[in-house]
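Asker: Before I ask anything, here is the structure I am working with.
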Amino acid sequence: MRVNIDEDGNGSEKLVVSSYDEAMEALSSLITKRSRADKSNKGDRFDLLFDYIKILELEEPIKQMKIIHVAGTKGKGSTCTFTESILRNCGFRTGLFTSPHLIDVRERFRLEGSDISEEKFLAYFWWCWDRLKERTSDEVPMPTYFRFLALLAFKIFAAEQVDVAILEVGLGGKFDATNVVENPVVCGVASLGYDHMEILGNTLGQIAGEKAGIFKRGVPAFTVPQPEEAMNVLEQKASQLDVNLQIAAPLDPSLISGLHLGLEGEHQYMNAGLAIALCSTWLQRTGHVGINYLNQTTSLPDEFIKGLATASLQGRAQIVPDQFIESESPGDLVFYLDGAHSPESMDVCANWFCLATKEDSPYNQCSDSKGLQKSGQNGSLKKNVTQILLFNCMSVRDPQLLLPRLVNACASHGGSVASPAADAQVDLSWQMTLQKLWESLILGEKGRDAKNAELTSEVVSDDTDKGAHSFENSTVFTSLPLTINWLRDSVQKNQSVRFQVLVTGSLHLVGDVLRLIKK
């Protein structure tokens, strides 16, 4: 249904009805059919954002918002999630804007820890859409997809009167749509690395310069330990703007009373440390002085601990058993999902996967080095394990910087990830390129001469694997549903085996898999 805020003749509000699908179709029309590095479209002019803000009458509301603004290559989404959870547990009404979404666009807008309701989303969506459609022109065209969503976030948070708005930068910093904020309470820069180089630059220094674009004169900022080249640029930019830039230390695990962080992985202690610094500074600068949490080295307030322990974020170090498979035990097909898509995050992802699959839990039951079954604590027989990589990445990324990191990190833990099944679209040329790279890496791991090995492709043509292209160690499927069906069939045919599937390389891939395996 379409929900549109309007007034009838008596001055009272009424709801006008339409469909959620109609809103999604309208939103999709804003997606540009060009590469993100292309600067030709007028919608890419940063100054247009201020025209849109005027049209939507958001100038004053944005100035009044108490904003935490976070950039970074990896970890910024996790940092924002920890930050929101901490401040919500401190009793504040929170608004969180992140990207991308995995299943539903409403995931990008969280109010008090939950995705915005469909009714509220549609009301604010059409309010913004109708005003922009009415007042834009050839000179001030409709905003592009992400810019519209950022503007929508400002509208939602203003109308919902949140106490704090936590904004995750979409891409870069300096020219990101979220950077219309002129006076945030505090800024953060998570770990920096190589990503989006076609837009941000080819060196860590250039990338750091773009991320530092969110710094505002006199507004305190925090970062995490960075490579020297990146840190030098951050410090230089901070100095130019009289920004007090401090390095947030990783969280000491002993400070959270024996609890685990809500987000899995050792790297999350770095993000949690940054979140604590951002929250502490926000509390102090907004007059909620209470305790100087930054100087506490022996304990954290209970609200901080609860916030860190209960934070949740889909698609990052997430373990999900297939909820549709018909099997004797729910752990026969388990997906390990992580949207890693940069070389550094691929290292972290591989380390997490290897450690997670070694843990003794109902879903993680590993064979010993000889492939023999081991008994659990209750004496029951455990199953052998087959590990599978389900991988795809955008063509702007260099798979030769991603896949070797995955293989090497798994090898360093004494494990392996074999038999990758690359997600595929109608044009399989990119997936076939990924497949050939993977085959050469695996042949190298097996001690065979990858350069001289003849890679022959077999096209599988039975009903289950129709159209799949198979090499010795990998298969490219023509669609993701076919891939999932193949995995489920493999479980049915191999009742003595548990399948552990690592899904990585793209948050879009992770989201599409979640749609297929979660009820």
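Glycine too: its Cβ is placed from the backbone N, Cα and C atoms.
Those TrEMBL annotations? Automatic predictions, nothing curated.
Pulled from TrEMBL, these are the listed features:
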type	residues	note
BINDING	Ser99, Glu168, His196	Mg(2+) binding site
BINDING	Arg316, Asp338	ATP binding site
Asker: Might you list, by sequence position, any residue in that chain lying six or more from Ser99 (Mg(2+) binding site) with a Cβ less than 8 Å away from its Cβ?
Answerer: Gly77, Arg108, Phe146, Leu149, Glu168, Gly170
Asker: Ten-angstrom check, please: count other Cβ atoms within 10 Å of the Cβ of Arg316 (ATP binding site), all chains counted.
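Answerer: Looking across every protein chain shown, the total is 28.
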Asker: CB neighbours of Glu168 (Mg(2+) binding site) within 10 A?
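Answerer: Summing over all protein chains shown, Glu168 (Mg(2+) binding site) has 25 other Cβ atoms within 10 Å.
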